[in-house]
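Below you'll find the structure, written out as structure tokens, and then a few comments.
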Amino acid sequence: MLDIFSLIKNKTEITSSDYSIEDIDLSSVPNHIAIIMDGNGRWAKKRGLPRIAGHYEGMKVVRKIVKSANEIGVKVLTLYAFSTENWKRPKEEVDYLMRLPEEFLGTFLPELVTENVQVRVMGNQEQLPSHTLKALNKAIYDTQYNDGLILNFALNYGSRYEMIEAIKQIVKDSKNGNLEVEDINEELFSSYLMTSDIGEPDLLIRTSGEIRLSNFMLWQLAYAEFWFTDVYWPDFNKNEFLKSIVEYQCRTRRFGGV
Ligand code: FPP
């Protein structure tokens, strides 16, 4: 791991905190929050740092947001850490991103165990380097009996890939006689997705000012509330997170009704 900490030192902006846990209605916290952690590269560029410095700083923010989500009683936190399209990035950056789970879990796994967090991964694991898988599998194993917050990393995840895989499996099950075509409905399709036992996000957060889904949970986000902020992910903090929850709680969710 490169020692970029020294590069970053003194370059992180300190932001004031306007929101506190008292601003949240703890009886209607979103069960499942999904986050597109965007803006690491631009955060670094703005400071004259290499892009990977942004990813490193972003990793530390993950720890803080996991803590905050756990504190307010969120059940599932799904984080988009690497998409099926991210392989197109320069090799040095991809290699670094594939080291981050080890770096993160190497440092924080004992705390996650203590805090009753259950680690999970969704995505195409076949293409992941063995060192990345090893770190993730250890975390999954060590936290398997925890029943607090589910920390779900979307790693080498793409929603279109996920849906194509689901369709392939449905066709196979149909050919094997395990499924009738008439049985296919929304509920059944959902049960073939990687989120089958964690349900759909109630709230989607995307940082960095981009307003798109980038192949993230296209099926599962059908009725989620979307919340966008211009803040780059490395500058995202508890204050911004609580702000997103407060604004979520001001929305009226109608799920197509009136
Ligand atoms: C998008 O920003 C961010 C990523 C592709 C990687 C996100 C990963 C982390 C925040 C760290 C993950 C931590 C763990 C523990 C796995 P970008 O690089 O596209 O930013 P840009 O749009 O400004 O270039």
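Here the Cβ of each residue, glycine as well, is placed from N, Cα and C on the backbone.
Reduced to three states, the DSSP call for Glu225 (Mg(2+) binding site) is strand. If you take the C-beta of Glu225 (Mg(2+) binding site) and look for same-chain residues 6 or more apart in sequence within under 8 angstroms, you find Pro30, Asp202, Leu203, Leu204, Tyr248, Arg251, Arg253. If you look up TrEMBL, you'll see Asp38, Glu225 marked as Mg(2+) binding site.
DSSP classifies Asp38 (Mg(2+) binding site) as coil under the three-state reduction. Cβ environment of Asp38 (Mg(2+) binding site): Arg206, Thr207, Ser208, Glu210, Tyr232, Trp233 lie under 8 Å away, each six or more residues apart in the same chain. The active site feature in TrEMBL is assigned to Asp38.
The substrate binding site annotation in TrEMBL covers 39-43, Arg51, His55, 83-85, Trp87, Arg89, Arg206, 212-214. Within its own chain, Gly41 (substrate binding site) has Arg51, Gly54 as residues 6 or more apart in sequence whose C-beta sits under 8 angstroms from its own.
Within the same chain, residues at least six positions away from Asn86 (active site, proton acceptor) with a Cβ under 8 Å of its Cβ are Val94, Leu97, Asn156. Residues or ranges marked as active site, proton acceptor in TrEMBL: Asn86.
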Given the binding-site residues Trp43, Trp87, which one is most crowded in terms of C-beta atoms within 10 angstroms?
Trp43
Kindly point out which of the binding-site residues Asp38, Gly39, Gly41, His55, Thr84, Arg206 have a C-beta less than 6 Å from some atom of ligand 1.
Asp38, Gly39, Gly41, His55
